[in-house]
Amino acid sequence: METTSKPRSSSGSRILNTLAHVMLVVSIAIYIWGQVMYLSPSIQLSFMNAISPFWSVPLTPPPPGSSLKAYGHYEMLAPTFFVLFTVLPLLASLIFFELVRDYNVHRHTARRVLAVSALLRRKPPRFKSIPGLQWMKDYCYGELLFIAFLVIGNVVLFVYGWVNQRRVLPRPGDPYDFNTVLELSGVVFGYSSVFNMAFLFLPCTRHCAWMEVFNISYANGVKYHRWLGLLSIYAVILHAIPFYWLWARQGVLAKQSLPCFDCQLDYWHIGYPKWFNVFGEISLFFMLVITYTSHPWVRRHLFETFYYVHHLYIPAVIFAVLHFNVIVWWLLPTLVLYLSSRAISRWNALFPVQLLEFTRLPEGLVKIVLARSTNGGFDIGQFVYLNVPAISKLQWHAFTISSSPRTSAASLTILAKSLGDWTQDLVQHAQECRDKDKLPVVYMDGYYGASLAGYDEYPTVCLIGGGIGATPLFAILEDMVARLEKHDSSLPKQHVFLVLAIRELALLEEVSPILCKIRHFDPSGERFTLRFNLTRTPSKAMLDTPIDYERLRGKTSIIQSANVQYGGFMNLRGTPAPFIEPLRSKGAKIVLYTTTFVPVTVLILWLEFDNGVLMDHGNKTQYWPLQNFVEIGVVFLIPIVVYALLLINRWRRSSQTSNVKHSSLDHGVARCNYSSIRPTSPTETSQDFGDDSSPTTLRDLVEGYGVACGARPNMAQIMRKVHEKHKCTSGTPIGVFISGPEALKAATGEAMADLGTHDFDVHEEEFEL
């Protein structure tokens, strides 16, 4: 009986996983359908006819001048549509994602999704001979599909909106003239703007389920946020211009666009349309400021200005809802998800993380080793945000984790280079800490980004890295070596090509322990092909620099010796402790989603019922600004709910460990993993690394690994060799993981396009957040 129950259980689990994946995709499709089809005349007619009796809405409009009561609960028709076709589908997609999130557990089912993801990452063939199509070579199929969705969605919505508004415009007795066209255009472009805003917050939501299910990195997904933002602001501008033009033609521009302070605000007096317009103008002003400060030059040179001005989205959204209260339903699902994510990030910023190593390396590099809890970890390829209050209390910077979770259960390693003001100060601060024999206070927020753990799906893997951008590839390489050390049977026999173009020999020194292990496991080079380029010619003195084996073994680092105290949960900024990602388990996430989406949706429905609770059920319509403000204000109270859940979660963890003393992290488990520094298990390489036969200077490393100095890699030649080697062994795609400068990415992309993009599955890392 036991031998037959396991296959049945496995088969049943696989069916459930497949069903969950299907329902996840269906939920996403329903949400998108709901946003596009809301203004469809046929949908409006069929849905309204079906739902109107439930809300006592007459199927034929009451005569003009009737009281609000005569319309029944007409105000509940739009909220009902949005709840059924946007709020609930998005919530369902989040829950289904949690059920299929673990790639290793649901590996067979996930392969189908990853196959789709691989296709979407592929770039189309180049159309050199067709004028006007050359621009397509810079975008993958997924990005082109997203652009097509935005174009088609906006066009369809515009057509539906136009047809929908033609039922009421022109008003009875007015002619259909150019003024009518302006008014129609203004209204429809307004709907187009909120359509784009309905998706705006998804790509900038950390741990966004929709992006993670297709293995789209948060860093790579930010471009979608920028595109949506531009479309939203363009649509808002096109929403305002026709009305200003119309008012100017009618000679009422000042009357309609300027506020009044001695007028009545109820629906039947001039104050209502005046302030209706003014609230929209205020929202437009905030959006224009955000757009201006989002220019690439401002992002790169004045990041703090860009970051803090971006918080003006809060008044922009509030005044947009004051302008037109139905917008709250367009934005509610994605805004709730975004605010929940931001609340978790803010919570992480309250607790310092324990630092195990903080070392200044040669050539403007710095190495940081941080402690992490054994209860929950990261995936290779992910990144974290770091804050060092001694440098700046406000600035947070993203760094890719350069180590593998397999090599240490309780630490992670980050390599950073001095490339800007903050990182320059970080390198200098590392030297100051060394001189004073102390460790700085560091805060961390993570883990973010797509997992690169699927590298073992390819028989041929090509790792291409440039400069400090190669750090995620170090994590992959270390993960491979760790699995080889442990004789992991799940690791298939692959051929791995490593192409590394760097300026700093210190990086080569840093990964030399991994290279030593690779040479030990693959002395003949049958499994690993290594190609190194030092893009500048090093000086003789630099080449003769001795390799610091003491540092690489971790014997010269500063280890924090103070006990880790898990005091009361109210000790928010207490002793640094190992980082633990809160509310990351499946159960915690599902509780988080339900306790944020359900109460806020029910509360807003209650506020809007019977023509507005705060408007005395339609009897005091002069309070419509207060009604709209409270509705959107409820959404912005979501972080309080999240903080309550986080506080309960922290209290439960602290109560479990309050009587436990940690002389070292987690009873000695969290010893410093110097990442690519020393062997992770007592193998022969532990003894070989740094002995008499090992390289003694950087010159030995350069000569031993055939580093080409003063030259950049010839990617066309390299990719041709990779392609030829791969064709001899398998017909499946080559897994290409590339991270580095744009020039390196472009050269690699050109080489792959010449060979045929269908033979490559490209994972490209982007760091312009």
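Backbone N, Cα and C define each Cβ position, glycine as well.
Unlike curated entries, TrEMBL annotations are predicted automatically.
According to TrEMBL, the feature transmembrane segment maps to 15-34 (among others).
The annotation transmembrane segment is assigned in TrEMBL to 76-97 (among others).
Per TrEMBL, transmembrane segment is recorded for 144-163 (among others). Same-chain neighbours of the transmembrane segment (144-163): 32, 35-37, 39-41, 120, 124, 136, 184, 187-189, 191-192, 195-196, 224, 227-228, 231, 235, counting only residues six or more beyond its ends whose CB sits under 8 Å from a CB of the stretch.
Among the features that TrEMBL reports, transmembrane segment is placed at 183-202 (among others).
Here TrEMBL flags 227-247 (among others) as transmembrane segment.
If you look up TrEMBL, you'll see 275-292 (among others) marked as transmembrane segment.
Annotation comment: TrEMBL describes 312-332 (among others) as transmembrane segment.
Under the heading domain 'FAD-binding FR-type', TrEMBL lists 348-454. Across the domain 'FAD-binding FR-type' (348-454), mean pLDDT in this model comes to 90.
Residues or ranges marked as transmembrane segment in TrEMBL: 458-477 (among others). Sequence-distant neighbours of the transmembrane segment (458-477) (same chain, 6+ residues past either end, Cβ-Cβ under 8 Å): 365, 380-381, 399-404, 414-417, 419, 452, 492-504, 507, 511, 514, 518, 675-676, 715, 719, 722, 725-726, 729-730, 732-741, 744, 748, 761, 765, 767.
Outside the transmembrane segment (590-609) by six or more residues, the chain places 73, 75-76, 79, 83, 87, 90-91, 94-95, 98, 325, 328, 332-333, 336, 340, 583, 627, 630-631, 634-635, 637-638, 641-642, 645 with a CB less than 8 A from a CB of the stretch. According to TrEMBL, the feature transmembrane segment maps to 590-609 (among others).
Residues or ranges marked as transmembrane segment by TrEMBL: 629-648 (among others).
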Restricting to CB pairs under 8 Å, which listed stretch, 183-202, 227-247, 275-292, 312-332, is in contact most with the transmembrane segment (76-97)?
312-332
The transmembrane segment (312-332) vs the transmembrane segment (183-202): three or more C-beta pairs under 8 Å (separation of 6 or more)?
yes
How does the domain 'FAD-binding FR-type' (348-454) divide up by DSSP, counting helix, then strand, then coil residues?
19 helix, 41 strand, 47 coil
